[in-house]
2 protein chains.
Amino acid sequence: MKNSHYFDDDQVDLKSKYEKPKQPNWLFRRIYILTWIRHYDREKAISDLIAGITLGLTIIPQSIAYAALAGRSSEYGLYTAFIGSIIYVFFGTIPQVSIGPTSLMSLMVLQYCYEKPIEIVIVLAFLAGCVELLMGIFQLGFIVSFIPSAVNKAFTTGTSIIVALCQIKNLLGVKLKGVPTPKAFFENIKVADATVGITCFVILLALRQLSSVKFKEESPATRRLKKLLWYISISRNALVVFTCGMIAYFWIQKSSFEAIPITLSSKVDSGIPTIKLPPFAFIHDNRTYVFSDICRELGSGILVVPIVAVLANVAIAKAFVKDGILDASQEMLTLGICNVAGSFFSAMPTCGAFTRSAVSQASGVRTPMAGIYTGIIVLSALSILTPYFQYIPKSSLSAVLIAAVIFMVDFKPLTELWKTNKKDFISWLGCVIVCLAAGVEMGLLYGIILNMIFVLLRLGKPKLEVNVKKSDNLIYVHIKPMSDIYYTGVELIRTEIKSACVLYRNDFPIVLDCSRFMLFDTTFLEMLNAVAKDLRENNVLLILQFFPDKHKEFLNGNSNIRFANDRTLSELIVKT
Amino acid sequence: MKNSHYFDDDQVDLKSKYEKPKQPNWLFRRIYILTWIRHYDREKAISDLIAGITLGLTIIPQSIAYAALAGRSSEYGLYTAFIGSIIYVFFGTIPQVSIGPTSLMSLMVLQYCYEKPIEIVIVLAFLAGCVELLMGIFQLGFIVSFIPSAVNKAFTTGTSIIVALCQIKNLLGVKLKGVPTPKAFFENIKVADATVGITCFVILLALRQLSSVKFKEESPATRRLKKLLWYISISRNALVVFTCGMIAYFWIQKSSFEAIPITLSSKVDSGIPTIKLPPFAFIHDNRTYVFSDICRELGSGILVVPIVAVLANVAIAKAFVKDGILDASQEMLTLGICNVAGSFFSAMPTCGAFTRSAVSQASGVRTPMAGIYTGIIVLSALSILTPYFQYIPKSSLSAVLIAAVIFMVDFKPLTELWKTNKKDFISWLGCVIVCLAAGVEMGLLYGIILNMIFVLLRLGKPKLEVNVKKSDNLIYVHIKPMSDIYYTGVELIRTEIKSACVLYRNDFPIVLDCSRFMLFDTTFLEMLNAVAKDLRENNVLLILQFFPDKHKEFLNGNSNIRFANDRTLSELIVKT
């Protein structure tokens, strides 16, 4: 079943010209930096430096915001950003991919670790990393192809809507738990928080437009201006969060913490992350957690989180891979290392982020080396800026999150899919609804299983050709499936054979042409046994054309089964 | 995509001879008795009478035993047997099928209603019936084809092992709850119960062999003797249970209830079932249950029970259907009616039983009318015999159950499947293990999903032919999938196109031959969009051969996509 590259005979000269490129050896493929570091030059270094710094300015406010989304304090987001950026340099294959905190992983953490101690989140990162490593080792990258594009899109839209909905309370300073009634919600809006939040949101949207400003004439001055505007646009998150923090800081310096009417972030432990074993056993609120307790708390999250992370990561990598083929296994291994290593630095579960990868791409990244610079910026933020994080208004972080995700909400598929493929339409709509109603991982599962069922239903109706044929004055019923038959299609063949027998009152032998078959499973073979038994009672011969030798033994018990190729068919019919 | 019956031109004379049989009209198909009652004659009536009585003698002890297996008292089993037998006469299509209590449904009841009031079991029957009716109305019979034969076999074996294990405690008189340790188990065996149980079991196995006794010479006397032995063999359950009950009865008459060392069945409410609404709200142990409470108690059972029942029923019907095609929808409707009607007579959930259907077959049943006689026998048992049910030793009922199910435990697939198909082997083994470890419905689910994954994996590796072709001195890369492509196979095509581009350094246009495609889903179309975008950057043309018009719009945005048929291909390549 190998797919073959071959040349027509008169093209032999091509063969020598185009030789297959050599695969790098195992070590080089696994520690991927070895394949590109030898060709690393000044030009690439400068590009990577610029991209790395840009990414750093994006990742710092995002890390703080995503940590808040997961219900954790800012430093955990930054630990995650630091370790993800550094590790990817050595093992990652796609320069654009930015590993770190993401909305998806934050949502997962929120779901599986809601109001549970931070240690559980860190162990989740460790366990998720182990599962990802296993997936990489066993080359399970193919699971990505189980997600049809409609489901992928619905998943993105669903996740984005949930993130936005989660943040709308923080944006407006509503401090109610759970899902409030509309009345309670509006009564609890804090004017100061809402003002900050909405202002930030509007500014972010405006700054986003800066990069697409067009000038009438092109001159060196406008080109430089354009570059500047683009840079402001890219760093908008950092600018907004920094400015808000500054305002709050000076306001508090003039009066006091209590006087300020804005909800600020919580106090952050300062300092660089230290290496320590993930907390496999710890005490929290007078309760002792051992490893088995942690696993019980995490439940299905131990499998769901890494699978979702791998799916997201490979989807992003696929979007950015150039010339040549994505090594999905290597991406899974890298992600696994990021998570396992991260858990030693108190990081949260991590995967690639689509928005940041797009920023990398737009900043002209050349190699994964950019991650080093991003990592250094994050590290300096951790060592220098942490005392100031507590001055960042919560609603400004919500504005950053909402402004990032609303552009990923996409309802175009609603009309597009309706036109191209109704089944994809149903997948998309159902997946979005299930995501919102029952959680993103249920939505994903729904989409995957629904599409499996669609495929099986289609395979359940294989195309058959039924003919009455005449050869040398002998008449027989010839049944030929036009494609491979899977177990869901076996029933149809049985029905066709029985129908033919009833229609022709058992007068003619039945010939089943197996030439287009590739798979002979037990369901099919047993069906043949059962049909042969039925036919025997009516003295009808069942002739199997082009049936493989190795499965003939299974049908030994039937005296009315014959095997034939094209040549022997008429002989066989004459004999009986 | 309709499958076509057609004749070769010189066979037109056949067409007039063999006409398709007319379908009976809708009413006749639904109230199926109308199709056969007109041809019902004395001969059939006598056959049905004998079969019906034989079945009655089998179903009475089974009903009592299956009620005990579900943790309910005997009369509920008999109600179920009565209503199932009667209803199937009017709607059923297969004479052999015997609807009533089954080991499978008892297990399901045990799982979903363990130690819950009997009213919940009755409402479960009602809800399961409603779901079955819906499945019949929406013609969801195809779901049966989602179960490969290996999974079906494993499911039977798994269920049988569980039933046998559940009964081993009763057989030996062990009164411990849950799963006891081996030590506690052996210490708690009650000698009297164990003696009765094991004796009954051995007698049942011996009587089972009676029907296959062979005589040296054949004479009218031996033929009559053979018939007698066969009848004794078939009624062995009734004989054994009746004899044990008699012994216990006379023993108690001589001494007292307390003096007898054998565990007997509990006291049974005597009398014929009365029609009443299923208990949608009731009070039990000072707790009020309304409909929503009952639904919450049943949980996923509301869907799992009817699906399992339909699967079992259709599988049995398929095994016995003769000439012509099984009307799976009608079988589901009938099962639904049996359950809904049953819930008005305080019956438990019901479906067809394989062992009893085999007894029907062996007793020479001709039409579903036999159910009337079975029903009458069950009804008389209910009205006359109920006071005596309390004398039946529990261990004798366990012996009946175990002797029935151990012959359904079948480990042959272990070696057979290993030889024919490794995937089927894995399905079988895994399904048995999951059934035993996590319950039969989880085992079934495992089998179904595993096989879905196998199919998708296979579809993920479609066979492609990649050629470099030359036509009129033009060279192009020709990629042709040999079969229909599903979304799981899309990734491979993308990889092949990219590989070809890398190998031939973007020198030649790529031609993708879509002639064998039947399904164009969004995943495939989006892949084309993405690949076209990549190719455009390298100035490579993507030519789609035999691409359907209606999907061309989706690819409008790409300037380097061309559409061609065989004739226009070389023209296109010349132009560019």
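Just so you know, the numbers here start at 1 and follow the chain as drawn.
Cβ atoms here come from the backbone N, Cα and C positions, even for glycine.
In TrEMBL this protein carries:
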- A:47-429: domain 'SLC26A/SulP transporter' (DOMAIN)
- A:49-70: transmembrane segment (TRANSMEM)
- A:76-99: transmembrane segment (TRANSMEM)
- A:120-147: transmembrane segment (TRANSMEM)
- A:189-207: transmembrane segment (TRANSMEM)
- A:228-252: transmembrane segment (TRANSMEM)
- A:298-321: transmembrane segment (TRANSMEM)
- A:333-355: transmembrane segment (TRANSMEM)
- A:370-389: transmembrane segment (TRANSMEM)
- A:426-457: transmembrane segment (TRANSMEM)
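Fewer than three CB pairs closer than 8 A are found between the transmembrane segment (A:76-99) and the transmembrane segment (A:189-207), and contact between the two stretches is not assigned (pairs 6 or more residues apart).
For the transmembrane segment (A:370-389), the neighbouring stretch richest in Cβ pairs under 8 Å, chosen from A:120-147, A:189-207, A:228-252, A:426-457, is A:228-252. By number of Cβ pairs under 8 Å, the transmembrane segment (A:49-70) is matched best by A:228-252 from the list A:189-207, A:228-252, A:426-457. Looking only at the domain 'SLC26A/SulP transporter' (A:47-429), the predicted model's pLDDT averages out at 88.
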